Amino acid sequence: MIRTDAKDGALVLFSGGQDSATCVAWALERYQTVETLGFDYGQRHRVELECREGVRDALKRRFPQWSHKLGDDHMIDLSVLGAISDTAMTRAIEIETASNGLPNTFVPGRNLLFMTIGAAIAYRRGLRALVGGMCETDFSGYPDCRDDTMKALQVALNLGMDTRFVLETPLMWLDKADTWRLAEQLGGKPLVELIRVETHTCYVGERSELHDWGFGCGECPACKLRKRGFEAYLRGESVTQAPV
């Protein structure tokens, strides 16, 4: 029998970065209960995990319309993923394109594991929606960020758990400039500023210098994309129109 008792709630995969923080705000606008889920998998930029509580606290303090909706936070030790991965996200190696054409920041199976574990927690918590910041538009080559992957995973999870989860990916067709715009639509300039200062994107974990677009080394692919997106957002352009 298909489970139908899930409440109007969402579990958001929340790393502490720009995209997932925007997804938390997006869910808070749409659901009565929002819980968050983070993973420690041995990532080089582990500082992002330290940003999570600051973002959650700031959302509660600065956005009273959301404070009563933001529920429990869950943190999962997924160090086994780092142990079996040989990538620039989990090793101090140079970021480059691998022989298969994928960036060596790709962690095989990461989003599949994240969503599957998220579904198990959501099932226990009685939450209907799983929300993730996967995106095809700012395409880095990650196959587990594709819309087709998420749709297939939704089918598999619902069959395997005999329920009716909805996998929400609000950023799927947005570029980084659009993601900044979405933050402004959700919470105005205060939310944009919260995300700019409190979230973390840099792959190498640099958090000593605050740029116009946020903290970071300014040189890794994640920093460059965040910078281009923020500058395009300020100009009212898309990332594809922005100079490289």
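Each position is counted from 1, following the chain as shown.
Yeah, the Cβs are placed from backbone N, Cα and C, and that goes for glycine too.
The annotation ATP binding site is assigned in Swiss-Prot to Phe14, Ser15, Gly16, Gly17, Gln18, Asp19, Ser20, Ala21, Thr22, Cys23, Val24. Here Swiss-Prot flags Cys202, Cys217, Cys220, Cys223 as Zn(2+) binding site.
What Swiss-Prot annotates, mapped onto the structure for a quick look.
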residue: Phe14; record: ATP binding site; DSSP class: coil
residue: Ser20; record: ATP binding site; DSSP class: helix
residue: Cys202; record: Zn(2+) binding site; DSSP class: coil
residue: Cys217; record: Zn(2+) binding site; DSSP class: coil
residue: Cys223; record: Zn(2+) binding site; DSSP class: helix
Minimum Cα separation from Cys202 (Zn(2+) binding site), reported as the residue among binding-site residues Phe14, Gly16, Thr22 that achieves it: Gly16
All-chain count of other Cβ atoms within 10 Å of Cys202 (Zn(2+) binding site): 23
Chain-mates of Cys202, Cys217, Cys220, Cys223 with C-beta within 8 Å of site centroid, Zn(2+): Thr201, Tyr203, Val204, Glu206, Gly216, Gly218, Glu219, Pro221, Ala222, Lys224
Spatial separation of Cys217 (Zn(2+) binding site) from Gly16 (ATP binding site) - C-alpha basis, Å: 17
Lowest local Cβ density among Cys217, Cys220, Cys223, which the record lists as binding-site residues, within 10 Å: Cys217
Sparsest-packed of the listed binding-site residues (Phe14, Gln18, Ser20) - C-beta count within 10 angstroms: Ser20
Other C-beta atoms that fall within 10 angstroms of the C-beta of Thr22 (ATP binding site): 24
Nearest of the binding-site residues (Cys217, Cys220, Cys223) to Val24 (ATP binding site) - Cα to Cα: Cys223
Beyond the site residues Phe14, Ser15, Gly16, Gly17, Gln18, Asp19, Ser20, Ala21, Thr22, Cys23, Val24: chain residues whose C-beta lies within 8 Å of the centroid, for ATP: Val12, Val55, Gly133, Thr199
When distances run from the Cα of Cys217 (Zn(2+) binding site) to each of the binding-site residues Gln18, Ser20, Thr22, the nearest one: Gln18
Among Phe14, Gln18, Ser20, which are recorded as binding-site residues, the nearest neighbour of Cys220 (Zn(2+) binding site) by Cα: Gln18
All-chain count of other Cβ atoms within 10 Å of Val24 (ATP binding site): 26
Nearest of the binding-site residues (Phe14, Gln18, Ser20, Thr22) to Cys223 (Zn(2+) binding site) - Cα to Cα: Gln18
